[in-house]
Amino acid sequence: MKKDIKKVVLAYSGGLDTSIILKWLQDEYKSEVVTFTADIGQGEELEPARKKALSLGVKEENIFIKDLKDEFVKDYVFAMFRANAIYEGEYLLGTSIARPLIAKALVEIANKTNADAISHGATGKGNDQVRFELGALALNPNLAIIAPWREWDLNSREKLLAYAQKHGIDIVKKADKSPYSMDANLLHISYEGLVLEDPAAKPEADMWRWVRDLKQTPNESEVIELEFSKGDLCAINGEKMSPAQLLAKLNELGAKHGIGRLDIVENRYVGMKSRGCYETPGGSILLKAHRAIESITLDREAAHLKDELMPKYASLIYNGYWFSPERLMLQALIDESQKHVNGKVKLELYKGNVMVIGRESANDSLFSEAYCTFEEDSVYDQKDAAGFIKLNALRFIIAGKNGRKF
């Protein structure tokens, strides 16, 4: 197989691990390497990745750096939030939702450069290997996939560092680099490893990089207004912005008020339990607001059906099935439900809390004060409720007459 692979597209961050993979691919597969670096809002300068790739012998024309922030938010994050997707009741899927976009870009570059394979730096223990590879195989099943962590014998930090030194790969650590295994994008930051491998141990205070500690948040609450169009956020406090700008603004507001920290143990697709800590400030606000606007614009049974289907939808994303018939079927249903999810939601942010204090929809609200008022009304005949209750109780009445006990 190795001799058949002449060109490989590598998901490349410019960091130590993927730089070692780059050199390993050149040596082990004797392949030409194409690098792809995605800007999905991780907050790092990406041009150093270009310089690093050049220093490792990658041709200038084989270095791809793409700004995918708006595509990430518009086509992936917003699509997911239309479903109110949460995995196992808590996780907002910040890492999971980024992987299909990266897989798609890898395949597009492989097709453009006539590459034989793609490669990634995900380990053989985690979910990301599944997400990258399911996505790639769905989009181009003819591409080979190289996962070095499943092949090489560089199975310790010491061996990796020795390999880097042997091949002249810069191993100087950035002064601000976290010792934790981190993943960052415009939706979240995740932390794994070190003290977090003990589920009973409290995370170190200096681990968190984004959301303020509650003791450091303002002592005054802040009221904001979010506007939705067909289920997607379109404005904050009346200001229209691009999808990436909207999420960035929500992140700023949420982080300021201590919103979005999470410490959970989740069930990985590969079978093991894993502890992760997450910061999702903007997503936490967005979820609350989206459910609030749905509460006045969605039909009851449509809303309940969405809630029943959501865990399946969330699991599909978590497990890597973004490019699958079943996810696309669910997405079509979800998107159909959002046609009338238009309006504004007012929220109060304070000390880690997101409180809905108002919601309105000029043309799509199903909330009728005339029907639900506690005052006298002329539209609802309360006598009708007697027949409604009797028909719904009919099975209980029949069972009771037959001596059934509940």
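Note: Cβ is positioned from N, Cα and C throughout, glycine not excepted.
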From the candidates G89, G94, G121, give the one listed by Swiss-Prot for the same ATP site as A11, Y12, S13, G14, G15, L16, D17, T18, S19, A38. G121
Whole-number Å distance separating the Cα atoms of S96 (L-citrulline binding site) and G15 (ATP binding site) is 21
Measuring Cα to Cα, tell me the gap between G121 (ATP binding site) and Y91 (L-citrulline binding site) in whole angstrom. 23
Let me know the largest Cα to Cα distance in Å among the L-citrulline-binding residues Y91, S96, N127, R131, S181, S190, E266, Y278, as an integer. 19
Looking at Cβ-Cβ distances, which residues of the chain lie under 8 angstroms from Y278 (L-citrulline binding site) while being 6 or more apart from it? Y91, L92, G94, H188, I189, S190, Y191, G260, R261, L262, D263, I264
Site extent for ATP, whole Å (max Cα pair distance, A11, Y12, S13, G14, G15, L16, D17, T18, S19, A38, G121): 17
Here the binding-site residues are S19, T123, N127, S181; the one whose Cβ sees the most other Cβ atoms within 10 Å is S19
